[in-house]
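Listed in Swiss-Prot for this protein:
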type	residues	note
BINDING	Gly43, Pro44, Ser45, Gly46, Cys47, Gly48, Lys49, Thr50	ATP binding site
DOMAIN	11-241	domain 'ABC transporter'
Amino acid sequence: MESSVQNKPIIELRSITKSYGDKTIIENFNLTINNGEFLTILGPSGCGKTTVLRLLAGLEELDSGNIILDGEDITHVPAEQRHVNTVFQSYALFPHMTIFENVAFGLRMQKVPNEEIKPRVLEALRMVQLEEYAYSKPAQLSGGQQQRIAIARAVVNKPKVLLLDESLSALDYKLRKQMQNELKALQRKLGITFIFVTHDQEEALTMSDRIIVLRKGHIQQDGSPREIYEEPKNLFVAKFIGEINIFNATVLTRVDEKRVRANVEGRVCDIYTNLDVVAEQKLKVLLRPEDILIEELDENQSSKAIIGHVADRNYKGMTLESNITLDHNGMTVLVSEFFNEDDPNIDHSLGQKVALTWHEGWEVVLSDEE
């Protein structure tokens, strides 16, 4: 029974369009969000992600289309009457009020009886582990604590959906990492649908059940973090999510249903793809830095692999990154290897000749969009 409730759509955006003047930001946009889901809308600045959030919150009016919340059409329902709350990047806490009064503010505006307010506020503060700061002022709290207070204020009204607009971007790196874990744990505890807007790919991959990648108001890919990272649907998604190497390939022939023989940066090899291809067709072969295997060669040693030379090395703690310049065309390839101080073969010298390969089937093959 619980599973069916969780899979029930809580929000449906049906063919929504929004323009500012003569500039269309979102056009014929459709999206279904399930109950209890942590969904991230990810994209570069100007892609329309914040516009979608503001439309959901009722802070902007649609030009056309419909917004359905839990089966009810709320397209023309004012923001204050929607069961949706928003946590903004600035947190917007009232500096002259105590933390208790900040969290209680929305309840008082809704004329909730006084005897209900105190237990609800304290429960919300307990959820974010800040009950002991109830009678402090916002200025006495750290940035991370203020962020949690903003969340407590948003959830005390028991919304059906919580919207978060780049709400971790003001925090320093270490605190942001900590808050990513806390926010996801809180979402699981509350069971409320979270819709998080960010341009930070790492945040999206860390916290989300599902990611929507947006570009110029259009969905480029909709999937789990793993699908988005390991199986990008186009070059935009591939380039936007993490580091990736993009090799040029030319089709030679199809070997079987799964494999195509191709020339990949001077190396003839079999690549896995179900694309309908013809001889001489141009393709792109995509590989994450951690998926590439590197082998040192003597300078006069030949190999059927892609050949290059080590141009730079960067120690990253858990990993060692190598920039490899390909002999074939001077292209730079990024290779990431897990650091093992007992492995004598991992710390390659600058100028070292190397062979690059990968495990069959780990590559992503896309049509050449250029």
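Here the Cβ of each residue, glycine as well, is placed from N, Cα and C on the backbone.
Here the structure is a predicted model, which means the values were calculated and not measured.
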Among all the protein chains here, how many other CB atoms are within 10 A of the CB of Cys47 (ATP binding site)?
23
Which of the listed binding-site residues (Gly43, Gly46) has the least company, meaning the fewest other Cβ atoms within 10 Å of its Cβ?
Gly46
Please name the residue among the binding-site residues Pro44, Gly48 whose C-beta has the most neighbouring C-beta atoms within 10 angstroms.
Gly48
Taking the centroid of the Cβ atoms of Gly43, Pro44, Ser45, Gly46, Cys47, Gly48, Lys49, Thr50 (ATP site), which other same-chain residues have Cβ within 8 Å of it?
His199, Leu214
List of residues, in chain order, with Cβ under 8 A from that of Ser45 (ATP binding site) and at least 6 apart:
His199
